[in-house]
Amino acid sequence: MDTVPDILKVSILGRESIHCGFHLIPYLARTVLTTLPASVYVLVTDTNVAQFYLSAFEEAFSAEINKLSSVKPRFLSRVILPGETTKCREGKADIEDFLLLERCTRDTVILALGGGVIGDLVGFVAATFMRGVRFVQIPTTLLAMVDSSVGGKTAIDTPAGKNLIGAFWQPEYIFIDAAFLESLPEREFSNGMAEVVKTAAIWDETEFTSLETNAQLIYNAIRTPSTGYAGRHISTRSTSQSLLLSVIRGSIYVKSHIVTIDERETGLRNLVNFGHTIGHAIEAVLTPHMLHGECVSIGMIFEAEVARGMGILKQVAVGRLVRCLRAYGLPVSLADQRVSRCPGARGLGVDRLLDIMRVDKKNSGPQKKVVILSRIGATYEQKATAVDDALIAKVLSEAATIKVDLSTTSLATQHVKMATPGSKSISNRALVLAALAQGTCRLKNLLHSDDTQVMMAALQELKGASFAWEDGGETLVVTGGAGSLQVPTAGKEIYLGNAGTAARFLTTVCSLVSPSAATNAGSATVITGNSRMKQRPIGPLVDALRANGSEITYNESEGCLPLSIAPKGLQGGVIRLAASVSSQYVSSILLCAPYAREAVTLELVGGAVISQPYIDMTIAMMRTFGVIVTRNPGTDVYRIPQGTYVNPAQYAIESDASSATYPLAIAAITGTTCTLENIGSESLQGDARFAVDVLTRMGCKVVQTANETTVTGPKRGELKAIGEVDMEPMTDAFLTACALAAVAQGGEGNTTRIVGIANQRVKECNRIKAMIDQLAKFGVQTKELDDGLEVYGRPFDTLTRGASVHCYDDHRVAMAFSVLGTIIPDTIIEEKRCVEKTWPNWWDDLENKIGLKVGGIELPRAESSAAATSGTPSPAASASVILIGMRGSGKTHIGTLASAALSRRFIDADAYFEAKHNMGLREFVHVNGWPAFRAAETESLKEIIQEAGTGHVISMGGGIVETPQARDVLKNYAKAGPVVHVMRDIEEIVSYLGDETARPAYGEPITEVFKRREPWFVECANYDFINRITVDDGDATNDISRFFKHITGQPNLAENVAAGKRSYFVALTYPDVMPALRHMPDLTTGVDAVELRVDLLRAPDALGAIPSPAYVAAQVAALRRATSLPIIFTVRTIGQGGSFPDNSETDAFKLLGLALRLGVEYIDVEISASERLITELAARKGFSQIIASWHDWSGKMKWNEDVVRSKYALASRLGDIVKIVGKADTLQDNFALHDFVAKANLQRGAKPIIAINMGVEGQMSRILNATLSPVTHPLLPSKAAPGQLSFAQIQKALNLLGQLPARRYFLFGNPISHSMSPTLHNAGFEVLGLPHTYELLETANVGEELKATLAAPDFGGASVTIPFKLDIIPLLDKLSPAAEAIGAVNTVIPVIEGGNRILYGDNTDWLGIRESIRSRAPSIGAPAAALVIGAGGTARAAIFALQSLGAQRIYLFNRTTSKAQALVEAFPDAPVKLIETLDAWPSEGPAPTVIVSTVPASATTTDGTIPGPVLLPLALFDATANGVVVDMAYKPAETPLLMLAKSAAPKWARVMGVEVLLEQGYVQFETWTGRRCPKHIVSKSVLEKYFATA
Ligand SMILES: NC(=O)c1ccc[n+]([C@@H]2O[C@H](COP(=O)([O-])OP(=O)(O)OC[C@H]3O[C@@H](n4cnc5c(N)ncnc54)[C@H](O)[C@@H]3O)[C@@H](O)[C@H]2O)c1
Ligand SMILES: [Zn+2]
């Protein structure tokens, strides 16, 4: 066989040393041996690559060596571990030792076979071994081929950073064998494509265009195995292979060109760092979870946005870059779920990223440098450009704010002239028309979207037209082909992604194609799309064309793409089309009809035609291109004459009318003038009427010509409220109108009443609700109506400033509130990126075209606060939750509670259905029958997913799983979003349903239905929620909230799993955990998680060693009710020291899969199990974490052996947490373990590791292990492993080892001798085995003694009580926001900040009050009214607590009103209302459901005859609902207030002062020790003592 391949050579540094081709191994062996003579050749590779290619190399070299006549050289190979961690000093030393051992000399040639890791490491070895030996690069990853192997940079990593030590060392050859890419995982391929796209973006537009359009073809090259050495010769090379090679070569060519000009990286070479300045910073945070290319991909988009923000790069280019990177499977924003699922993703704050960029090698001084693109294929400078931090920060921030300058009037003279993005519908039509026409047309204002992009690519592919850009992409020059179209090259499919309009229009366009004369042309045109496209219907259009004589075949499923369309031309004559589904079918035929062989008569049949305006739009545009369509009056019959379109010289695409409302509204609200080009009175879009119909009435001057609109606003603040306006013809514009109405005045009550917009409830979000909720943040009142809302305007300068607007990921909400933000200072638009859907450069246009300054804002990362709804959750985390399950399983109940816990909206699909069809379900079934009902139900499901796919909780009807279509929809949704199967015992369901009649009745016994549907529910859902409403008496809210938060990205992970902290778990070794549940508070004392040893579970009367899934699920559910700690789910086999049968791997993984479905937080997986099963499990883990563990039961493993390193590497790859368990025979073995862990932790991005040695000798390792140490408890039936210690034992040992120094805690105050605090804290220390003490320190004043105490090195913290809560403040360095607001400190905490110890003052009183209320009456939520009695320091804490609960009114009563008034002023944002008496409530307000008294018990009475104290009337308990009464008075236990409550309102919860003390004490304990306080024991000690002395 001929092994001389066809080679492409590229020259670098003056030598043609880069050889590219396919299947080069024999060729490269020969070339190396004959041109680089040596005594020994050493090939270094990693295990991954070795398994595929090592033997081929060995064979080729041995064959070639045999052919040599001279002295035969040696050929050696060295296989090392894969992965970045190998690229280190030890890794280098390891290879060097090998070379020395093999007595290699200066004439050695080293071959580096592998990815960039191998290339960098081996290159560096070659650079220094014997002061430098020759080496050859044989890259096997795409990244190595196009980037790391070219340029001569070699390096290793150190703990201080990546690539910090290395050398420039040029290889003799670089052999690029693209066939290696066939075994490369696709993610690694995409990783390399990022660099390829980057290179084209900075250097070569033609190359970029090819990458843009050919993603599918390029993937084909690596997905199709090239058997029989296909591709080695040009004659056997497929189209895709040639393309792949030319892409690689193109990229290498640019890099080697740049390297040749600038070998040592001075200026030009920096250009290849496009995307890397920001990309590297992202990588530093996310490594190793995200790959380099993935981070650079995101970095490129950010950096392109920086260029766009500088006014240098056009949005067209940014859009092309985004689409191109996406086509290669790369992430393009931090919102990508691959990013947000990374453990480190929370660290992606703007400041952190800027901080990392500060040390970039490219920087000059403090200025950051970024490669600025000027267009696709060119950069702004021939080097990186200095950019201000502020601009980078703005681009990186997730929220935006508009700088408002109300002082100037300069705006008043401003006249903005601009165009807004083109209409999507018109853009698509214009492209088809211009391409089919004769002559040249300049299209202006074309919308750049997926649709238009694939449309252009397809038309080019069909040789139907040619395209060129002018003005940096603003103008598209189309040279039409006058209707001539050709079949593409054989094997080439036209790929349309998910572009719906393109698919519909092109189907008819392709039927116009005539057979091609070219020899390599295919026999039919094939159009295809992505998997979603392959489900979208095209049937009616194909039916119509087939009936007309076209030959169209479905290549996969009936009614959908892909299609094969024979090149026969269109017949014409009468064409009948069913047009009730999509008007796009109609437009598709209309657009192509003039080119049919006979004039076309198009008859629309099959019911009402939908979206007539779009058909009119098509006809109007056809007229502009010279073809006049006539419609038979009063019918749906259209006549289209034959003809050829004629291109007008220029065609300006009309602006999108909805987008146009925003700049016009800005002119209206700011009193300026704005002229919009390309939209006027001739517009076919409904929203174009906004200016005339709405803005004129609001007092604006509107001038509209045929295609231009100019609006001048009245003076700022003078917009008029307009009573009622029907916005039915322009529903999308209602949000803009609301923003204006908020500041509009006049008429009755400044009211603007917007109606006719009910459909806006089911858009991207419920827009009516969204406007109501967000306007409220500005202090603007509204009223919801059935089909709209009323907005009550206010003078603009009385609106609340600084409102933070949540946008529900809806572009229109964001842009509408931007309008308001132009005159209300400090308005924040939270998710600024949601504008990308229709106007990606909205913020830049505000700045560069409208002249407003826009800033970036980083939102606080809300974690503990109740307002967790803000921020940008990742798409997956924000995906709506769908509930399915049997009727009567409790979906509605659970869904309602879940939506409250998640602050999301709840949709009941049944209600949705009834509203949509305007009839009840039973009635629908009665009228239309079951099949029609099921079909309509599936349609509704699709619609709901489409419209409410994020941010909702959706409950589906029980029968939704009955049809395969609906099941497919659900299964498809479950690939990225949560579908929860709500499970309930069938007996309970039967008894619950009883005589329910609202929903269609079953015609069969419900148990039969249950049997049939149950497997379907399981198959469609990816989560199970077990409904235990009737089993448990208690309140299910916690359980529901924990589960639903878990599946939506807020998992309940273990505290203290972080560097520098210690965390623990207790292993439950019970066959049945139920009897142990009541001991849970004891068992879990101090720990951070509980492990459920599933292998030990045995149902009481079950046989066999494998517990049933149902039993396991019930155990998990029960455990969750008993503890709020996260669960670790472990199935240990006998071989691994557990009791699950060996050889039952599949059963074990079924249970692990079940754990994922149940939303268990941690899943322990043994890495000795099949890697396929582990990877499959990990791929579905959602927000659970995998503990990848390895147990050495042989007892022979040594921690310094290679095997541990390789197991560690494997476990780090598979899991989120690594667990390695060995066995100690001597104390020494623990030191080796400690060494290993210390080294492993030094690596950047190291995963948390659990490392312990079994056996008594190993106890030392259990003491020192930091992450999730397993502990036992005296109450457990057996230790989970030999040598296990209890939590308290470990703490004592740590103290003795000097790892946990004893601290002293104090109470400051006077008098304090009766305080319960020492009892509280010392009891806690004792139980946890902590060596600390808590003492009283009673002093006369805050003087020297306290100062000395605070300064002592062993000072751990202090409680502060009366009278020092204010006096202590001057001694502290920093106060918490709560302490600041309350104006008092009750807790002192020494903390380390920036390396210094500082004293931090906090106030936990308010937390004690809040927790007392919340835990006693969880159902109270945000009380409508609350009462505070007293006006001292405690009252301040009470108000703060009530405010944080969201109380809508806080009545404040104090005898001295002046003191109370001061309090009202101290809390300007709280709804505090002074009241003068306690027996009547302000007329507009209800009676309180929460009462907090902060005055001494002796200052109150219930006896009206005693003068002096405040008389407590019965009216205090007027509220119709039950509530909570808290008396902060510490003694006596039963105060007059509590006694009154007991008799007058026995159902109210009563909280004594000592209970609040306990609550705030728990918080103190936790902040000081980082451990949960053992409440049950502490409270018992305190209450015993309290009542003994009371
Ligand atoms: N020197 C430079 O100029 C330069 C430039 C860019 C990156 N780098 C360095 O390159 C390294 C990253 O390189 P990489 O992305 O190639 O990673 P890599 O070398 O780690 O390879 C990625 C993975 O793919 C496996 N693999 C490689 N080829 C394979 C094949 N043909 N089939 C199946 N599996 C295969 C590897 O074993 C590894 O697990 C980093 O260390 C980076 O610092 C250097
Ligand atoms: Zn790179």
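Each residue, glycine too, has its Cβ placed from N, Cα and C.
Taken verbatim from TrEMBL:
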type     : residues                                                                         : note
ACT_SITE : GLU265                                                                           : active site, proton acceptor
ACT_SITE : HIS280                                                                           : active site, proton acceptor
ACT_SITE : HIS1191                                                                          : active site, proton acceptor
ACT_SITE : LYS1219                                                                          : active site, schiff-base intermediate with substrate
BINDING  : 46-48, 84-87, 115-117, ASP120, 140-141, LYS162, 180-183, ASN191                  : NAD(+) binding site
BINDING  : ARG131, ASP147, LYS153, ASN163, 195-198, LYS255, 269-273, HIS276, HIS292, LYS361 : 7-phospho-2-dehydro-3-deoxy-D-arabino-heptonate binding site
BINDING  : GLU195, HIS276, HIS292                                                           : Zn(2+) binding site
DOMAIN   : 80-190                                                                           : domain '3-dehydroquinate synthase N-terminal'
DOMAIN   : 192-363                                                                          : domain '3-dehydroquinate synthase C-terminal'
DOMAIN   : 418-846                                                                          : domain 'Enolpyruvate transferase'
DOMAIN   : 1307-1388                                                                        : domain 'Shikimate dehydrogenase substrate binding N-terminal'
DOMAIN   : 1424-1475                                                                        : domain 'Quinate/shikimate 5-dehydrogenase/glutamyl-tRNA reductase'
DOMAIN   : 1553-1582                                                                        : domain 'SDH C-terminal'
REGION   : 875-1067                                                                         : region 'Shikimate kinase'
REGION   : 1302-1590                                                                        : region 'Shikimate dehydrogenase'
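Listed in chain order, the extra residues whose Cβ falls within 8 Å of the Cβ center of the Zn(2+) site residues GLU195, HIS276, HIS292 are LEU143, ASP147, ALA194, LYS198, GLY275, GLY279, GLY293, CYS295, VAL296.
With respect to ligand 1, the recorded positions GLU195, ARG269, VAL272, HIS280 contribute no residue with a C-beta closer than 6 angstroms to one of its atoms.
Two recorded stretches are said to be in contact when at least 3 C-beta pairs lie under 8 angstroms, sequence spacing 6 or more; the domain 'SDH C-terminal' (1553-1582) and the domain 'Shikimate dehydrogenase substrate binding N-terminal' (1307-1388) meet this definition.
Looking only at the domain 'SDH C-terminal' (1553-1582), the predicted model's pLDDT averages out at 93. Per DSSP, the domain 'Shikimate dehydrogenase substrate binding N-terminal' (1307-1388) is made up of 29 helix, 19 strand, 34 coil.
Fewest other C-beta atoms within 10 Å: among the binding-site residues ARG269, HIS276, that description fits ARG269.
Distance noted between the C-alpha atoms of ASN191 (NAD(+) binding site) and HIS292 (7-phospho-2-dehydro-3-deoxy-D-arabino-heptonate binding site) is 7 Å. Across the domain '3-dehydroquinate synthase N-terminal' (80-190), DSSP assigns 50 helix, 32 strand, 29 coil.
For LYS87 (NAD(+) binding site), the nearest neighbour among the listed recorded positions (VAL197, HIS280, HIS292), judged by C-alpha distance, is HIS292. Ranking the recorded positions ASN163, VAL197, HIS1191 by the distance of their Cα atoms from the Cα of THR141 (NAD(+) binding site) places VAL197 first. Separating the Cα atoms of VAL117 (NAD(+) binding site) and ASN163 (7-phospho-2-dehydro-3-deoxy-D-arabino-heptonate binding site) is a whole-number distance of 11 Å. Annotation note: VAL197 (7-phospho-2-dehydro-3-deoxy-D-arabino-heptonate binding site) sits in a helical segment as assigned by DSSP.
Among the recorded positions ASP46, GLU84, LEU181, HIS280, HIS1191, LYS1219, not one has its Cα within 10 Å of the Cα of VAL272 (7-phospho-2-dehydro-3-deoxy-D-arabino-heptonate binding site). Here the binding-site residues are LEU181, VAL197, and the one whose Cβ sees the fewest other Cβ atoms within 10 Å is LEU181.
Shown in sequence order, LEU143, ASN191, ALA194, GLY279, GLU283 are the residues of the chain, 6+ apart in sequence, with a C-beta less than 8 angstroms from the C-beta of HIS292 (7-phospho-2-dehydro-3-deoxy-D-arabino-heptonate binding site). Proximity of ASP46 (NAD(+) binding site) to non-local residues of its own chain (separation of 6 or more, Cβ distance below 8 Å) is seen for VAL79, ILE80, LEU81, PRO82, GLY83, THR86, GLY114, GLY115, VAL117, ILE118, given in sequence order. Residue density at HIS1191 (active site, proton acceptor): 22 other Cβ atoms are found within 10 A of its Cβ, drawing on all protein chains shown.
Between the CA atoms of HIS280 (active site, proton acceptor) and LEU181 (NAD(+) binding site) there is a gap of 25 Å. The distance from the Cα of VAL197 (7-phospho-2-dehydro-3-deoxy-D-arabino-heptonate binding site) to the Cα of LYS1219 (active site, schiff-base intermediate with substrate) comes to 39 Å. Sorting each residue of the domain 'Quinate/shikimate 5-dehydrogenase/glutamyl-tRNA reductase' (1424-1475) by its DSSP state yields 23 helix, 11 strand, 18 coil.
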